[in-house]
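K.L.:
Handing you this structure, nothing more for now.
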Amino acid sequence: MAMRSATKQVFRALEPALATRSLHASPGSKKIVGVFYKGGEYAAQNPNFVGCVENALGIRGWLESQGHQYIVTDDKDGPNCELEKHIADAHVLITTPFHPAYVSADRIRRGKNLELLLTAGIGSDHVDLPAAAAAGLTVAEVTGSNTVSVAEDQLMRILVLMRNFIPGHQQAINGEWDLAGVAHRAYDLEGKTVGTVGAGRIGKLLLQRLKPFGCTLLYHDRLRMDAALEGELGATFEEELDAMLPKCDVVVLNMPLTEKTKGMFNKEKIAKMKKGVIIVNNARGAIMDTQAVADACKSGHIAGYGGDVWYPQPAPKDHPWRYMPNNAMTPHISGTTIDGQLRYAAGVKDMLERYFKGQDFPEPNYIVKEGKLASQYQ
């Protein structure tokens, strides 16, 4: 969805709203709309599976007992979807990165009562943030809620690709036994060079988990860590991304999707990497040039590509990453473990409670506050 171009078209129409929307809740009961993925047959199997439509973050009873209306759906796309029926009079919209409801400038314009956009999880790039800022909306997410979940997933995918695990597993379930088919491209992680592009909360946790493997650890970020933390993690700062990439056996992406990072890893950038590189991307699919990744996997320049983020989401059945060789792709699952769900559900409830009471959120949770975007999205 071309949210940024739409922003330019309606920006002027949104500007007057900045003065009329409050940072905190206006008086009275609220209409709160949540957009989550369906749990289906699994919804009843685990009481802690709160991130699905059926279990609705576990906050329905609490909200309704206070007189608020809570509408939950998974139907988010197209002019006749369920979300469209409620956008005009909703006060709060709760969305997730895993089943993103794209909150375009047009939707923001039509959401006359909107005051608060909450992300249940981390990553609010499915919201047109400049449009939200122009409209005076508050956008916030549950910072830190699933950082451990994602860092663990990244480590798993590095090992799965490094050890050529997937072909071996396919042999096991297909009744085959071909050692050479796996061993000819299976490697130890020890002694390899791993670089993370971005070293925020998730990047630091990944570096921490990689240290015992005896890797050379590099990182590129707009902000350098202090020397003590670098020493603790055993990580070396690389000021220039293009200088770091050729050194790496494994490249992990840990940056937000912004106008600057969209399509950043194109054919030219991938060509700067070592032949046979492994790439793990649990950040955002749109950071990569989709076809460039597929072509490089086919040619062997990328020896393995793994992640759980696609563009768009859900990924269409003909998305080339589904079929490219040596991939370790899954749906967007890394941040929605049961533990992660419980953390981001608790964080959403905490922010709603603060919103109703007219209290500020924890400062790191703000993505848009009083017309200003958080620094990582600027």
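Just so it is clear, glycine is given a Cβ too, placed from its N, Cα and C backbone atoms.
Curation plays no part in TrEMBL annotations; they are all automatic predictions.
Sharing the features that TrEMBL gives for it:
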| type | residues | note |
| --- | --- | --- |
| DOMAIN | 65-359 | domain 'D-isomer specific 2-hydroxyacid dehydrogenase catalytic' |
| BINDING | Ile122, Asn146 | substrate binding site |
| BINDING | Thr147, 201-202, Asp221, 256-260, Asn282, Asp308, 332-335 | NAD(+) binding site |
| DOMAIN | 156-334 | domain 'D-isomer specific 2-hydroxyacid dehydrogenase NAD-binding' |
| SITE | Arg284 | site 'Important for catalytic activity' |
| SITE | His332 | site 'Important for catalytic activity' |
K.L.:
May I ask which residues of the same chain, at least 6 positions away in sequence, place their Cβ under 8 angstroms from the Cβ of Thr147 (NAD(+) binding site)?
P.N.:
Ile122, Arg201, Ile202, Leu205
K.L.:
If I take the alpha carbons of Ile333 (NAD(+) binding site) and Asn146 (substrate binding site), what is the distance between them in whole Å?
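P.N.:
Checking the Cα atoms of Ile333 (NAD(+) binding site) and Asn146 (substrate binding site) gives a distance of 11 Å.
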K.L.:
Around the C-beta of Pro256 (NAD(+) binding site), how many further C-beta atoms are within 10 angstroms, looking at every protein chain?
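P.N.:
Counting Cβ neighbours of Pro256 (NAD(+) binding site) within 10 Å gives 19.
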K.L.:
Report the same-chain neighbours of Thr258 (NAD(+) binding site): residues 6+ apart in sequence with Cβ closer than 8 Å to its Cβ, ordered by sequence.
P.N.:
Asp125, Gln376, Tyr377, Gln378
K.L.:
Across the domain 'D-isomer specific 2-hydroxyacid dehydrogenase catalytic' (65-359), what does the pLDDT come to on average, as a whole number?
P.N.:
97
K.L.:
Excluding near sequence neighbours, so keeping only residues 6 or more apart in the same chain, what lies with its CB under 8 A of Arg284 (site 'Important for catalytic activity')?
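P.N.:
Once residues fewer than 6 apart are set aside, Arg284 (site 'Important for catalytic activity') is near Gly123, Asp125, Pro256, Leu257, Thr261, Val309, Tyr311.
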K.L.:
Checking the contact step here: among the recorded positions Lys260, Asp308, His332, Gly335, which have a Cα within 10 Å of the Cα of Asn146 (substrate binding site)?
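P.N.:
Final answer, ordered: Gly335.
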K.L.:
Using all protein chains shown, find which of the binding-site residues Lys260, Asp308 scores highest when you count other CB atoms within 10 A of its CB.
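P.N.:
The residue with the most neighbouring Cβ atoms within 10 Å is Asp308.
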K.L.:
Tell me the Cβ contacts of Gly335 (NAD(+) binding site) under 8 Å, same chain only and six or more apart in sequence, or just say none.
P.N.:
Pro97, Phe98, Gly121, Ile122, Ser145, Asn146, Ser149, Val150, Asp153, Asn282
K.L.:
Within 10 Å of the Cβ of Ile333 (NAD(+) binding site), how many other Cβ atoms can be counted across all chains shown?
P.N.:
13
K.L.:
Restricting to the chain of His332 (site 'Important for catalytic activity') and a gap of 6 or more, list residues whose Cβ falls under 8 Å of its Cβ, or answer none.
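P.N.:
For His332 (site 'Important for catalytic activity'), the qualifying residues are Pro97, Phe98, His99, Asp308, Val309, Trp310, Gln313.
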